[in-house]
Amino acid sequence: MPPADPGLAGRWAAIGAPLRRLPRWAAILLLLAAALASVWSAQNVAGFRGEVKARSERVAAKAHAGDNRLYERTLARMAAGEGYYPAAVSEQRAGNYPVKPFVTVRQPTLAWLDLQLGLPAMRVLAIALLAANVLAWIAALELRTILPERAAAVLMLGVAGVFSFAPAVALTHEMYAGLLLSLALAVYRPRRWWPALLLAAGAIAIREIALPFVLLWAVFALDRRSWRELGALAVLLALFAAGMALHARAVTALLLPGDPVSPGWDALAGPALFVGPLVGSTLLGALPDWLAGPAAVLPLLGWLALGGRRGLFAALWFAGHIVLMSVFARTDNFYWNLLILPAYCMGLAFVPRALADLGRAALGRPLAQPAISSTL
């Protein structure tokens, strides 16, 4: 039996079409905010492709390519019989990559998988995860969307998931973590949450900064008073903490005086660091500036319009990611955006619904609510 108290998220889900229920002044304000964000983002993309792109990609893209070569050299040493930590720390030190604090050294999970399965197999697995996302999202959206919305959502999934076909996918931790988190969001069901838990566990085992997804999920489980679900998440978080403690110990044991230190993660770069690189890392980059910019920011509005637990969770997850990128990420951390792909861009499919709902609310003409599930 489901919990008696659906919680705040459950009550939000029961609204059906939340943007349609906004008071007139709030709907007008949100429409204005969306318009201003669209104009700003178009200008930001133009700057990114011009002066900002010339400055940041000259360093960041070169550095990221260097990251991939670093991981390849680490794998080569592991294949020759060396352990992950001595190989990784030694290679980072030789390349003047920071090894302090310990989180600058990636968790060994992806490297171990690459070594055991091989890079070609890991590339095929990434494509399989994208295909699984397509199938899972078609099923997940069935009760809350009409056929054209689902078709558009699948199209956006492909637009944002094109990186799954990149040769570097097997070496890029954020790509794999993003595929797993997007799939976890799609397969979650209130009474069958364990598949999503396994996928989220895989994501944080590959890249620790996928942790906000699990923390937000724990808040939702607590709000719904789903104690077994919350208990399972608590166990996962405890295992994660233990794993990170072992990771820290393994890295720290190999450090030497004078080892390179990270410059930190307090760049306060603002949301521009989210928008430009997002366009550059997806097929949205093929659009002109006046379309690419809005296409990078409006998915958040689309997810809000979707409603339901999934729509609310997605909107909060993506909004939190944008805040974290704006506050903590440096220019060379642009690839953090991969953590919310490909799911984030699917929100574009729901933007027409959002604008229609906001328009009717702004005009004071709400529509009757559709009969939809309040749990998804």
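Any Cβ shown, glycine's included, is placed from N, Cα and C.
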Which range of 20-41, 152-173 is transmembrane segment, per TrEMBL: 152-173
Recorded stretches the transmembrane segment (335-356) and the transmembrane segment (232-256) touching, at least 3 CB pairs under 8 Å: no
